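As recorded in TrEMBL:
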type	residues	note
TRANSMEM	20-45	transmembrane segment
TRANSMEM	57-76	transmembrane segment
DOMAIN	63-505	domain 'Major facilitator superfamily (MFS) profile'
TRANSMEM	110-131	transmembrane segment
TRANSMEM	143-162	transmembrane segment
TRANSMEM	203-227	transmembrane segment
TRANSMEM	233-254	transmembrane segment
TRANSMEM	319-340	transmembrane segment
TRANSMEM	355-377	transmembrane segment
TRANSMEM	384-406	transmembrane segment
TRANSMEM	412-430	transmembrane segment
TRANSMEM	451-474	transmembrane segment
TRANSMEM	480-501	transmembrane segment
Amino acid sequence: MLEKLFRPTATDALGIYELLFFRTFFHCKAIWICQSCVICLTACFCKHILLLQRLTLVLALATLISAFGSSFQYGYNVAVVNSPAPDMQKFYTSVYESRNATVTDNVLTLLWSLTVSMYPMGGFFGSLMVAPLVNNFGRKGTLLFNNIFSIVPAIMMGISEVVGSFEIIIVARFLVGICAGLSSNVVPMYLGELAPKNLRGAVGIVPQLFITVGILVAQVFGIRSILGNAEGWPIMLALTGIPAVLELFILPFFPESPRYMLIQKGDEKNARKALQRLRGWQDVDEELQEMRLEEQSEQAEGQLSVFTLFTLRSLRWQLVSIIIMNMGQQLSGVNAIYYYADSIFSSAGVKDNDVQYVTVGTGSVNVLMTLAAVFIVETSGRKLLLLIGFGICCAACVILTVALSLQDTLQWMPYVSIACIIIYVIGHAIGPSPIPTVVTNEIFRQSSRPAAFMVAGSVHWLSNFIVGLVFPFLEKGLGAYSFIIFAFICLATFIYIWVVIPETKNTTFLEISKLFAARNKVEIVVEAEEQKMKEPEVRDDKQDVITAF
């Protein structure tokens with residue numbers, strides 16, 4: 001009875017309305033109200049009650065702890081080397097020259113490019129570890145294990161100045177990159193499997209929100225009067241270990257992914273308990289039945305490897321889509337702005353003393369727009385946000401190229417350059433940054449999801465590495481015209497999404513599989529009685545029958 005009170009249906013609520021409202025007002029001649037309107041309002045009211053109840057305290061806290069402990073570090077380490085770069089480069093120079101060698105500009109640029117790019121290189125190797133770790137340790141277990149790759153490099157970076165070694169910083173950036181590579185894939189996977197269908201998109205964007213918060217916190221700490229100075233930068237680099245320590249102590253109290261426990265471990269008892277904690281009620285049979293159906297359809301397949309993923313015709317366009325989206329996300333220029341924000345703003349005409357505050361302002365806009373995406377993704381959909389985001393980024397890069405090339409001739413052009421960067425950040429924050437991981441989680445099933453995230457993460461971090469390593473030389477060679485390359489990449493990604501990517505909001509795995517079936521030239525057959533998928537068999541030269549779940 002108590003459970004029913006906490007899960008009101010439209011019928012229950014209408015009974016209350018009938019008692020308290022109709023009998024009072026419908027028999028009163030002074031007031032006439034349309035009963036159908038009340039029915040509609042009641043149904044909407046109950047629907048929103050159910051939505052709010054599904055976001056339980058356990059689900060909310062699990063989301064916040066995992067996102068802060070893991071995703072926050074990703075963003076923090078993207079921006080942490082930006083503001084203290086001049087002081088860190090002076091440290092590099094002093095250490096290098098103390099070894100009886102002269103530092104040329106090219107050598108210093110190379111060392112600094114390595115410092116920046118070792119982070120995404122570590123992210124690439126971290127992505128390669130995703131599938132074996134999540135399949136053996138679980139989603140939550142992998143996040144706990146991953147904290148090693150944050151705490152150890154935090155200590156290394158903190159003592160780098162004391163021991164007089166810039167090599168320690170480069171190695172530590174690689175290790176913390178492994179942490180980011182794992183967390184950027186495992187956190188969305190973990191939260192996507194914890195969340196109910198109607199909250200999957202919103203919860204899936206929370207990791208990206210914490211990435212932007214991490215970027216903003218690093219930008220704030222990077223203000224010269226705080227830690228972005230010769231004395232404070234080692235402390236600033238070492239602070240990345242604090243979220244990892246908190247996650248290490250708090251996350252064990254929250255449940256593992258129910259889908260992982262039931263489908264991959266066969267532990268229905270603990271999967272049921274986890275679902276009951278996450279949903280806030282005892283009746284979780286419908287959701288468990290959905291998982292069992294998925295488990296039955298995957299028994300013959302087992303866990304798919306990356307090689308198998310590339311050979312499956314039924315997943316061909318899903319695989320191509322996550323590769324294109326992640327390449328577009330990273331090669332669109334966003335990390336060039338975050339890694340080298342100060343130098344970009346300086347070239348845009350911002351005074352040296354004001355650059356740090358403009359950078360913080362840009363980071364604040366990034367956080368606000370990502371927060372907005374959390375609330376609108378379930379109504380606007382994934383595809384629309386991707387199209388709007390890449391369209392804005394393309395236009396901003398074109399105008400920024402023009403503004404940077406004309407700023408010496410027109411006094412007001414620097415303001416246009418700054419506006420273009422802010423508009424670019426807005427566009428990227430509402431679509432290209434948060435949505436690809438959400439879509440990746442939705443278009444792959446349980447057996448192929450770890451391998452798919454490994455592919456997506458590898459492409460993501462390899463593209464990130466290329467931008468971090470190449471952009472300083474690209475900026476020196478092409479100057480203002482370096483951003484026109486990013487504009488073409490944004491345009492190509494926009495066209496692909498428009499033509500290929502379907503809308504996946506509030507849809508089941510079966511419905512998403514059907515959306516891709518025609519493009520993959522396969523056919524989905526569902527038995528009416530058992531609702532199982534038939535085994536693959538050849539129909540003709542161009543069509544197959546596939547398992548959809």
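Cβ coordinates come from backbone N, Cα and C, glycine included.
TrEMBL annotations: computationally assigned, not manually curated.
233-254 is the stretch from 143-162, 233-254, 319-340, 451-474 with the greatest number of Cβ pairs below 8 Å to the transmembrane segment (57-76). Segment contact is absent for the transmembrane segment (203-227) and the transmembrane segment (451-474), given fewer than three CB pairs below 8 angstroms at sequence separation of 6 or more.
Cβ atoms under 8 Å from those of the transmembrane segment (384-406) belong to residues 325, 328, 332-334, 347-348, 373, 376-377, 413-414, 416-417, 420-421, 423-424, 426-433, 435-436, 439, 479-481, 483-484, 486-487, 490-491, 493-494, 497-498, 501, 503 of the same chain, restricted to positions at least 6 beyond its ends.
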